[in-house]
């Protein structure tokens, strides 16, 4: 048999797109754990511990995690189908591509959606949020913590304060797909109602797990719905007993969980919550790496999409191509230097910029030297393309 | 780095529940492939080839596969949300637990559902199907090819003939979660419209991939809907361009695909479609293994749930406990002999029977000797429990 110590993943280009990201050998090895019964005692413990450690990552005592086989996108369906009844009002604070899509998802399930759109590179201001909340009563308010298309970081803590003050009954939903693990999130202290994320970004696990954490207040809102849930696979009426049973040590069946990926996620959570560096230290390492990469880009004369450094993500960087250059000039050069980065995503400007992810093990495990490699490849690629 | 030849999964109890099942070292190793970008050329090829090989497994030339991160259950949502408009009629041919649940899913999305329920251990008769189809016009007709709760195999070919003859406009949907790879399915020859399955049963891959294959006729029905699709994550309007683009060699984004699991599924499909034994030979091996296991059970005086051997699944066996014995007497004995089997699932009788899965590599790779192990453990466990 191959042991965890022996297992070394194949050499490959460094994956520094804004997700999926690099996965450590240990976490990848756990994805190749012998496939187990979803009702076995061993798996129940792994699943229950994964639920508990998910709470730790978000600093919440009693919020309810849902760990469901699916892409991060499925988190939107869960919010739209469980928390918003057809015809109810939702406010989307839009800072990019993922705001558009979340709004689209909410409408699919019958929500009435208003959007406040930030200018490109900005997040929605507190005064605009306040104005919107005073004009209408919303069942839910959503924002994208880090919009993966723009690299804009919204100020979750201040948004939460504004919503609590102006519209305390609104449920606050954070699309944190590109921020959990890389940006500080204090679920209980900030009074959040939903944080939705996925396994393949700051949590450094392969993709395929939708992770949604829900406050007890939001669970109550869900439980007092007047019409049935409008999704079957995404219905918390199906999943709530499953999550509670597994956490309490009993098996329970609705749909077969992705047992291998749960082992992998569990291995990553052990590294994140039980090993050094601490969560606080992790956020600091993300901030430091981000500052170094962004400073190197500025030195090269590159412009970021985020207009204000305070609203730039710490787990990724979006950079406009130098004048006259495009993806075909830059991305292959990164590849030649051994790095996979990503092109643009936001309609209208997608040809004009590129994206680098710096999340999870790439930032946290200093033995890897990934951040140095990113900076070196950035310098070389830009200088070569310009010359 | 660890190579595919070197990688050997850890020793473990033989997983012979009716899914998830044993996964070969090669397929498990592929699940630990370095995590890649979902838009990389390498991954696009792996994904495109997986789509093409999925067609081969079902003997279809032009049906459209959807490979989406999720449990098998998500296949029901896809059918309910894309093919049935709210208020349209659906007929569910019910041979166990999974018929009940599919009906429930259809209703969640607004279908009007009629059910024809088979007696316990039987599948719905052709005359009952004919009678139901003559009484009302149905948009879709669904049946469970192998109901994992009862082990009842429905005669897919004959059902398809009956539906085509009596109600040719109805779309025929086969829940084949527990039959693809272990039972013969001729998609084009039989004129099926949807076959939905998952990765973790006859396809011998870890769980986490919803696999749905749709006829061009059903795609047309979907494209001529009069109201929008009622799911976001499960919406074929989102996924159809993605699947077509990947198959044609272009990347495309809706939600991050489970890249590691797709590598794993691809490795399994290579074994199934490109290596010996052939698909026909695989079905024969499943029939032979099933007959041997069922004969051993009969010799031990055990009664199966399926009333007629012609309607017993070839990839699993359901057996009533001997008089006076229950799960606590039998399952731990199997575990002592190194096997993980499953208890009952169908409400009303779940305490009275157990289930053994014999699908995929367990049956097909004769070097493993798994079938002999199952028979030996069955004999020992029953004899010990009785004595």
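Glycine residues also receive a Cβ, built from the backbone N, Cα and C atoms like all the rest.
TrEMBL has this to say about the protein:
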BINDING   B:355  substrate binding site
DOMAIN    B:29-342  domain 'Aminotransferase class V'
MOD_RES   B:201  N6-(pyridoxal phosphate)lysine
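Here the Cα atom of residue B:355 (substrate binding site) is found 14 Å from that of residue B:201 (N6-(pyridoxal phosphate)lysine).
Following the DSSP three-state reduction, the secondary structure of residue B:355 (substrate binding site) is strand. Note on the domain 'Aminotransferase class V' (B:29-342): its mean pLDDT in the predicted model is 97.
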